[in-house]
Amino acid sequence: MPFPLNRTDTALVISPSEFRIIGIFISICCIIGVLGNLLIIIVFAKRRSVRRPINFFVLNLAVSDLIVALLGYPMTAASAFSNRWIFDNIGCKIYAFLCFNSGVISIMTHAALSFCRYIIICQYGYRKKITQTTVLRTLFSIWSFAMFWTLSPLFGWSSYVIEVVPVSCSVNWYGHGLGDVSYTISVIVAVYVFPLSIIVFSYGMILQEKVCKDSRKNGIRAQQRYTPRFIQDIEQRVTFISFLMMAAFMVAWTPYAIMSALAIGSFNVENSFAALPTLFAKASCAYNPFIYAFTNANFRDTVVEIMAPWTTRRVGVSTLPWPQVTYYPRRRTSAVNTTDIEFPDDNIFIVNSSVNGPTVKREKIVQRNPINVRLGIKIEPRDSRAATENTFTADFSVI
């Protein structure tokens, strides 16, 4: 016997073909979400170099997305192919709790990650405050924040019910009781408007920093200092990734927030378009790994190593042009060179760069103003017998 809807007045009549389309879409999101987020977790387990404090936000995002993709999406797909919600009331509450909890964690992690990027790029003096302890405390706060909002419906502040498209469960957005309305308004403000403000501020300041730096280049100071082409490419990439991340957040959660706000005023969408906000939100589990992790060279390199260990691995491959830069060995031993690497711009220098012959080594670039990048170095000696001058090519990925 089908589990009855709690609010039959808002349930939509959907054709079997539309149910199948929803089922196929959710199945694809489930497969991509499981594989993509699982790869991120494996990368953290295999490669120590990606375990920088800020990347723990990416790991947190992957864990929460993996949980809902493994446990929640199969329930949605099975219900869609059955043309109705096939699990009981307890299953509805468990599903809604898992998915809503994952959504809140994802939203707040987006906000925390964007603010950390703002500090790293625009507030270099405070960069050292982003330590592993600080990040772990922030993650604990995010999970506690999510637990508060997702446990509240289980204890009487609003409730979990089947959604208007009867293949999933969520908060009773369409409830008109005092508890339902107050909870909906509070969630929209605390879980959407507040983190969205942080994201817009952070990426807006990053863009402003880029625009101001471009303006300074056109002044007198620009005539006295040369900015390498690859640094300009990095800055453009920072701007692009910032817009990409903000757009991904808006696409995933803005339609859902709008529908939830409209539900307060008893506005109902009487066709299958009501399913789109839910589908957009659920798709975020599938594309988050590609936006937040696979734009990072370290992640990509390890994924290539995991997926194709039989191929020749080329570290640091990206779309950025590789500049030719000269380095001069300070001293040479039988196995290792300790080098000073000089760039045309004296704002940039490499700390403790060491190579063992013509091999690949990933190091850090420390730049005082304003972009911080990681450096992948591929040593290409002009003469294997020469000890005075070599060249290397470099690839940069934005932190």
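Positions of Cβ are set from backbone N, Cα and C atoms, glycine also.
Both THR131 and ILE264 carry topological domain labels in Swiss-Prot, but the labels differ, so the record puts them on opposite sides of the membrane.
Record note: of ASN6, ASN337, Swiss-Prot gives the feature N-linked glycosylation site to ASN6, with no matching annotation on the rest.
A disulfide bond in Swiss-Prot ties CYS169 to one cysteine from CYS30, CYS92, CYS99, CYS285, and that cysteine is CYS92. Away from its own ends, the transmembrane segment (56-81) comes close to residues 19-20, 22-23, 26-27, 29-30, 33-34, 37-38, 40-41, 44, 87, 91, 95, 98-99, 101-103, 105-106, 109-110, 112-113, 116, 132, 135-136, 139, 142, 166-168, 282, 284-286, 288-289, 292-293 of its chain (Cβ-Cβ under 8 Å, at least six residues beyond either end). With respect to their backbone Cα atoms, CYS169 (disulfide bond) and LYS282 (N6-(retinylidene)lysine) stand 12 Å from each other.
Non-local neighbours of the transmembrane segment (135-158) in the same chain are 53-54, 56-57, 60, 93, 96-97, 100-101, 104-105, 108-109, 112, 116, 171-172, 175, 179-180, 182-184, 187, 190-191; each lies 6+ residues outside the stretch with a CB under 8 Å from one of its CB atoms. Counting Cβ pairs under 8 Å that are 6 or more residues apart, the transmembrane segment (183-210) and the transmembrane segment (272-295) reach fewer than 3 and are not in contact. Take the CB of LYS282 (N6-(retinylidene)lysine) and look out to 10 A: across all protein chains shown you find 26 other CB atoms.
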